[in-house]
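Asker: One structure, as structure tokens, below. Some questions next.
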Amino acid sequence: MREVISIHIGQAGVQIGNACWELYCLEHGIQPDGQMPSDKSLGGCDDSFSTFFSETGSGRHVPRAVMIDLEPTVIDEIRTGTYRSLFHPEQLITGKEDAANNYARGHYTIGKEIIDLTLDRIRRLADNCTGLQGFLVFHSFGGGTGSGFTSLLMERLSVDYGKKAKLEFSVYPAPQVSTAVVEPYNSILTTHTTLEHSDCSFMVDNEAIYDICRRNLDIERPSYTNLNRLIGQIVSSITASLRFDGALNVDLTEFQTNLVPYPRIHFPLATFSPVISAEKAYHEQLSVAEITNMCFEPHNQMVKCDPRHGKYMAVCLLFRGDVVPKDVNAAIATIKTKRSIQFVDWCPTGFKVGINYQPPTVVPGGDLAKVPRAVCMLSNTTAIAEAWARLDHKFDLMYAKRAFVHWYVGEGMEEGEFSEAREDLAALEKDYEEVGVDSLEDNGEEGDEY
């Protein structure tokens with residue numbers, strides 16, 4: 001089997017984890033106590049769910065996951081919640097004091113007390129696998145645990161499991177709304193430290209998802225549960241090909257092969273469609289062409305940036321449900337004729353397609369409509385550099401005055417790390433810029449480059 005271990009770090013990671021596992025259980029017909037009712041009619045007789053769940057002798061299905069937070073409150077909610085008996089107590093790891101939105105606490109002081117325990121628990125999960133594919137790491141950029149502890153763990157995972165794929169789902173700080181003043185510091189420090197250890201990082205930003213909930217689902221004041229359920233759908237679409245059988249299945253490493261043209265340029269944009277409320281779905285059936293088109297609308301994206309200002313390097317379309325290759329090819333052909341979608345000239349084809357026959361599942365009583373087909377688009381576009389530029393600018397404003405820096409230095413960080421991280425991100429912005437330049441113009445410079 002090709003197992004995948006999910007690692008959920010910090011409040012954002014753990015709460016997205018809750019939404020994801022709730023959804024996986026529904027999709028595979030696994031009850032909150034881990035039992036799978038004997039009628040196997042739900043998932044067919046295949047056990048492809050074992051990429052994400054391990055089965056115990058007593059017939060319980062346990063997620064291959066660990067939840068880690070440096071303070072206990074968020075994980076305590078799992079320990080007492082509906083899914084408390086789904087997880088083994090050893091999979092829920094908590095510290096005593098939190099990282100206080102401070103990267104340095106998550107990475108150095110508080111983080112290092114819990115890292116060995118965490119690696120030990122991950123090792124136990126890994127030993128339980130026959131052919132581990134890799135890790136999915138869920139975290140936010142802005143929090144102390146999400147930024148600091150994640151980067152520490154990624155470094156250690158690279159050492160222990162060298163060649164295994166590591167994919168991240170990261171909550172990027174939203175442009176307007178902020179949960180912490182020091183988000184730009186944490187984000188840039190963690191991006192710098194994890195850049196060489198992560199193979200592919202799917203970013204979502206809360207503001208973009210708020211807007212989608214407001215616009216498409218008519219939720220006036222979206223809660224984190226609303227946001228996370230939507231993120232859960234995306235994660236589920238991306239991992240569906242690992243958990244179910246389909247016409248064109250996509251493996252973890254296959255994502256990277258098709259989406260990451262250069263090692264550093266590994267931040268695809270995620271877009272999911274259709275996001276419609278149950279009331280609307282009752283009146284409209286969306287065709288393959290329509291949902292595919294919706295993916296190219298900037299307001300359906302999970303990060304605020306405008307792909308019309310950038311160029312696409314690669315696009316991965318993951319369909320699920322009632323979809324046949326013929327419709328997909330027709331939809332893609334139509335999109336290619338539209339001039340608004342620009343590809344870099346060195347990547348002419350650029351579309352990778354996955355089709356999975358398992359229709360999308362929704363959480364009962366949730367806001368999303370049950371639809372016969374859905375698509376998740378992962379696109380590597382130069383437009384995402386806008387998001388970095390925005391963050392770098394915020395970083396510069398604070399760092400010019402050395403605001404808040406003493407909190408980091410006090411936890412054992414050196415001030416040089418800030419400027420080093422900032423330079424690395426400036427280089428990343430430059431990388432994106434160069435990738436978008438047409439190859440005809442820069443033939444003369446090729447020599448200096450390497």
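Glycine is treated like the rest: Cβ placed from N, Cα and C.
Computed from a predicted structure; not experimentally measured.
The active site feature in Swiss-Prot is assigned to GLU254. As annotated by Swiss-Prot, GTP binding site applies to GLN11, GLU71, SER140, GLY144, THR145, THR179, ASN206, ASN228, with the evidence given as similarity to another entry. The Mg(2+) binding site annotation in Swiss-Prot covers GLU71 and rests on similarity to another entry. Taken from Swiss-Prot, the feature N6-acetyllysine applies to LYS40. The site 'Involved in polymerization' annotation in Swiss-Prot covers TYR450.
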Asker: Return the maximum Cα to Cα distance in Å (whole number) over the record's GTP-binding residues: GLN11, GLU71, SER140, GLY144, THR145, THR179, ASN206, ASN228.
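Answerer: Answer in Å: the longest Cα-Cα distance is 22.
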Asker: Given the recorded positions GLU71, GLU254, which one is most crowded in terms of C-beta atoms within 10 angstroms?
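Answerer: Result of the Cβ crowding comparison: GLU71.
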Asker: Sequence gap of 6 or more, Cβ distance under 8 Å: name the residues on the same chain that satisfy this around GLN11 (GTP binding site), in order along the sequence.
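Answerer: When sequence neighbours closer than 6 are ignored, GLN11 (GTP binding site) has ASP69, VAL74, SER140, GLY143, THR145, GLY146 within Cβ distance under 8 Å.
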Asker: For ASN228 (GTP binding site) and GLU254 (active site), what Cα-Cα distance in Å is obtained after rounding to a whole number?
Answerer: 26
Asker: Could you measure between GLU254 (active site) and GLY144 (GTP binding site) for me? Cα positions, answer in whole angstrom.
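Answerer: Cα of GLU254 (active site) to Cα of GLY144 (GTP binding site) measures 32 Å after rounding.
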Asker: Can you give me the same-chain residues 6 or more apart in sequence from ASN206 (GTP binding site) with a CB-CB distance under 8 Å?
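Answerer: Expected: VAL171, ALA174, VAL177, LEU227.
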Asker: Sorted by position, what residues of the same chain at least six away from GLY144 (GTP binding site) have a C-beta under 8 A from it?
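Answerer: GLY10, LEU70, ASP98, ALA99, ALA100, ASN101, ASN102, TYR103, ARG105, GLY106, ASN186 - these are the non-local Cβ neighbours of GLY144 (GTP binding site), listed in sequence order.
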Asker: Out of SER140, THR145, THR179, which of the binding-site residues has the smallest number of neighbouring Cβ atoms within 10 Å?
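Answerer: Counting other Cβ atoms within 10 Å of each of the binding-site residues SER140, THR145, THR179 gives the minimum at THR179.
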Asker: So how many other Cβ atoms are close to ASN228 (GTP binding site), meaning within 10 Å of its Cβ?
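Answerer: Taking every protein chain into account, the count is 22.
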Asker: Per DSSP, to which secondary structure element type does GLU71 (GTP binding site) belong, with helix, strand and coil as the options?
Answerer: coil
